[in-house]
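Chemist: OK, TrEMBL features for this one:
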- 267-278: compositional bias 'Polar residues' (COMPBIAS)
- 79-219: domain 'Phosphatidic acid phosphatase type 2/haloperoxidase' (DOMAIN)
- 267-299: region 'Disordered' (REGION)
- 5-24: transmembrane segment (TRANSMEM)
- 44-66: transmembrane segment (TRANSMEM)
- 78-98: transmembrane segment (TRANSMEM)
- 145-161: transmembrane segment (TRANSMEM)
- 173-192: transmembrane segment (TRANSMEM)
- 204-222: transmembrane segment (TRANSMEM)
Amino acid sequence: MHDWIILLLLAVIEGVLFAIHPFYRFVGEDMMTDLKYPLKDNTVPIWAVPIYAVLLPIVVFLLIYFRRRCVYDLHHGILGLLYAVLITGVITDAIKVATGRPRPDFFWRCFPDGVGNFTGPWGDVLCHGQKSDIKEGHKSFPSGHTSWSFAGLGFLSFYLSGKIKVFDRRGHVAKVCLVLLPLLVASLVAVSRVSDYWHHWQDVFAGGLIGLVVASICYLQFFPPPYNDDGWGPYAYFKAREESNANSNMGHSMNPLHVDIRETRVANQQTTRPNGNNAYMYEDSPPSSTLDGMESGRR
């Protein structure tokens, strides 16, 4: 329960950081050489990021759950994924707000008519574009699309590498290709951010690094390393199995008492001699005294 409460707090923090105005750093006329790229639409729209970075991995988790029926795996897979993307989002947006680096298309966001105005107090820009475009124009570093992509799809790659045992030393290249496929998609998203002139290459490099590092840390919090023999399942599953085995062993350790009781009951059952006389043998009765009693007719 505490894990889900922390996730909710991270979501609130992410929403606050997204709404905060970034730092408007100094932008002079001589800096516009690298900031005059065309203003283009996103190849990968922002609404698509949660679909392929969060919902797609969850669908994979569900498919594996329907096959293996391990609720521990499903629960910790979703929990680790959400932690990865939300922690990545908080780190990314915190840096965005603090640095306020202009995007490559900042000039056209600041001056939609193409007429620059550099009459600020220190010779910096005086933008007359839409406030929302200007605000977004100061959020270049690091790339949010890239960090979220590598966080969600990177977590999926770690998850798949453990499930299909890609490091089992059997040389199945197909397994490697399957594990690298999510990372390839994340890399293509990163490339699109540069080709759309929404980010500098340093932005996507930093975003990818943040997302992949956070994904690996969050994955290892819930699952063993993929190269481990137990890398196919979460820590919680193995802990529950150990507790179950311990309880089972305790039950077996108590079984000898029940066996002794059963043996005593069997020894105490009625035995019939050939002459029709009934005799009762007890486990704790000396064999010699029992035979003597039976021969003398006392028993």
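Counting begins at 1 with the first residue displayed.
From the backbone N, Cα and C atoms, a Cβ is placed for every residue, glycine too.
Bear in mind that TrEMBL entries carry predicted annotations, made automatically and left uncurated.
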Chemist: Note the mean pLDDT of the domain 'Phosphatidic acid phosphatase type 2/haloperoxidase' (79-219), expressed as a whole number.
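Modeler: Mean pLDDT for the domain 'Phosphatidic acid phosphatase type 2/haloperoxidase' (79-219): 93.
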Chemist: Using DSSP, tally how many residues of the domain 'Phosphatidic acid phosphatase type 2/haloperoxidase' (79-219) sit in helix, strand and coil.
Modeler: 95 helix, 1 strand, 45 coil
Chemist: Cβ pairs under 8 Å only, please: of the recorded stretches 78-98, 145-161, 173-192, 204-222, which one is richest in them relative to the transmembrane segment (5-24)?
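Modeler: Top-ranked stretch among 78-98, 145-161, 173-192, 204-222: 78-98.
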Chemist: Which listed stretch (78-98, 173-192, 204-222) has the most C-beta pairs under 8 A with the transmembrane segment (145-161)?
Modeler: 204-222
Chemist: Please work out which recorded stretch in 44-66, 173-192, 204-222 has the most C-beta pairs separated by under 8 angstroms from the transmembrane segment (78-98)?
Modeler: 204-222
Chemist: What parts of the chain pack near the transmembrane segment (173-192), using Cβ distances under 8 Å and only residues at least 6 beyond its ends?
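Modeler: For the transmembrane segment (173-192), the list is 42-44, 52, 143, 145-146, 149-150, 153-154, 156-157, 160-161, 164-166, 204, 207-208, 211.
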